[in-house]
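Please read the structure below before turning to the comments.
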2 protein chains.
Amino acid sequence: MSRWISQEAERLAPYTPGEQPQDQQYVKLNTNESPFPPSPKVLKAINRAEILKLNLYSDPTCAALTEAIARRYELKAKNVLAGNGSDEVLAFAFRAFCGAGQPVAFADVTYGFYKSQAALFDLDVKIIPLREDFTLHVDDYMDFPGTIVIANPNAPTGIAVPRNDIQRLLEANPDRVVIVDEAYVDFGAESCVPMIYRYDNLLVTQTMSKSRSLAGGRVGYALGSPELIADLNRVKYSFHPYNVNRLSIAAGAAAVADEAYFAACTAAIRQTRAWTVGELENLGFTVLPSQANFVFARHSQLPGETLYRKLKENGVLVRWFDADRIRDYIRITIGSMEQMETLVEELTAILEEL
Amino acid sequence: MSRWISQEAERLAPYTPGEQPQDQQYVKLNTNESPFPPSPKVLKAINRAEILKLNLYSDPTCAALTEAIARRYELKAKNVLAGNGSDEVLAFAFRAFCGAGQPVAFADVTYGFYKSQAALFDLDVKIIPLREDFTLHVDDYMDFPGTIVIANPNAPTGIAVPRNDIQRLLEANPDRVVIVDEAYVDFGAESCVPMIYRYDNLLVTQTMSKSRSLAGGRVGYALGSPELIADLNRVKYSFHPYNVNRLSIAAGAAAVADEAYFAACTAAIRQTRAWTVGELENLGFTVLPSQANFVFARHSQLPGETLYRKLKENGVLVRWFDADRIRDYIRITIGSMEQMETLVEELTAILEEL
């Protein structure tokens, strides 16, 4: 850090993203991307005419995108805020609904970025440990007076919380905001979106990075009551009014409108996940019950770090977290069937060496 | 604001961007966009193969982009941070170099977004008025102990500060950071980039929104010593690691490499600006001396608001600011020659009605 850095920036806890080698030499199963290209409708949407208009600012309200999202989720555009990935949307939410006298609670084992964002806004954080089996019990949050953030399904465990449990949280205290981060919801968990009209203290965030094959397009969004969305806009217009670029607006609107492609991709991932879990269990892995596009698995004979290293040496990238409680695990993205077959082959070879 | 909003978000001062009608029914001279499409190299860079890779995250380090920018400015990649527009880069800089004990100073008449960002991070702000003729004198900043932000050329005045003046500021106190916002530098002002190797407390921000016809692509960047850039990265990785999407990385890298197109576009704007200033003066306007791709002008017989309204009624959008000292003025983007001819025709008609 330089000698000019502010005290506030010194205290930050920057996030370390998964490795992003740009040369495509790996079977890349480390950052939960989709193995499928974006919808053909996205290819059509990013056309010559759109590119020629890049000299003009994007629509700060992202109307084409928020309207397309609203249509898909049977909401109104005023229930939607679009962002440069859901990371940005989450940052807006942390600023909008947390601060002095409004602490934030999240799990000990969850998306690592929450800690970074809490540090960015210097928030009081209450860490509420998952149970022994990595499940989240909403009872552990009932008495917490501040804002609650729950990744559902959770990362990196993949374990989902039933919608009814979130509903109990919402009802227990309407004076606090519950943020449900549904980045991975499209692979089998129950979305809280149908409860948005009923609970004005519910904010759901989603992303097009996983189920809609747009990680590189950076399109995320928040869904909630118009009051919550207006607060998020207040932050957005203090940070970056033109936060979503023209091509991402076009790509996101096209992607969210292609229901058939979305259904086919998510079904394929679920099927491949079931196959992968079976194979991993045959190899002696313990696999947490995942509703996401990844699985979290450990092997009694090899520590997570060794698995990660040996797989990497053999051309397969998975994610290993050097963190308490999960050091034994590796997180494996569910890619294409072919990629998972390679993974299983490599794991088989690694275990045979033992 | 909702009943859940944080105190900090309540205190924000959200920025109001210029109107962005999406239907192209206006001659749009209100947000300082380029009238020219992006470089043909950008069209080539955003191709089918790139779009098909949108399922993969963008490179968080934006290496292809920062390296292209570094090449253009004879710097190293470690001197460059890329962002989702220079607004984002500026936000990172406000957080990195301002805070408790580190106030920030900027002019009373300058880019309105600085106030929003200062409020976002709850900074102590010292407003230093421009002189009577809207020039900025660095002597007025000499004794200020905190971080200084200077838009050069300034917006919405268009008036530039000589590089030597900035150099005096940098030398007067190496313990403070001077941020020079060069969003409009390519239309005639002296850039401070050549001083980056010499002054490690100098941070320059630039954008591809104006001179490189990529407003809709959202590509901005900061140039500075590796120490300052590392601090900005600390903030970036606390806010949004994948802040620039794949297509904007590709577009930005292609745009900054097309020197001939850049030179042609900026030369055309300067020529059209000279013509426009002459015509406006013939019509009785007082025009501030602009080094930007816009002019700031007032007419003794019509208030700024009236000019703005009448032009809008006649299909020409310019920007009017309802703010002290500049209420008499309108800010007119320098568009294509044809657009400026329309503007002059409409102004002539409006003034003939008097």
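Backbone N, Cα and C atoms are what each Cβ position is placed from, and that goes for glycine too.
Predicted automatically and left uncurated, TrEMBL annotations should be read as such.
Long-range contacts of the region 'Disordered' (A:1-22) within its own chain (CB-CB distance under 8 A, at least 6 residues past either end) are made by residues 28, 30-31, 112-113, 115-116, 119-120, 122, 317, 319. The region 'Disordered' annotation in TrEMBL covers A:1-22.
Here the domain 'Aminotransferase class I/classII large' (A:26-347) has a mean pLDDT of 97 out of 100. For A:26-347, the entry in TrEMBL reads domain 'Aminotransferase class I/classII large'.
According to TrEMBL, the feature N6-(pyridoxal phosphate)lysine maps to A:K210. A coil conformation is recorded for A:K210 (N6-(pyridoxal phosphate)lysine) in the three-state DSSP classification, outside any helix or strand.
Non-local neighbourhood of A:K210 (N6-(pyridoxal phosphate)lysine): A:N32, A:E33, A:S34, A:A183, A:Y184, A:D186, A:F187, A:N293, each in the same chain, at least six residues away, with C-beta under 8 Å from its C-beta.
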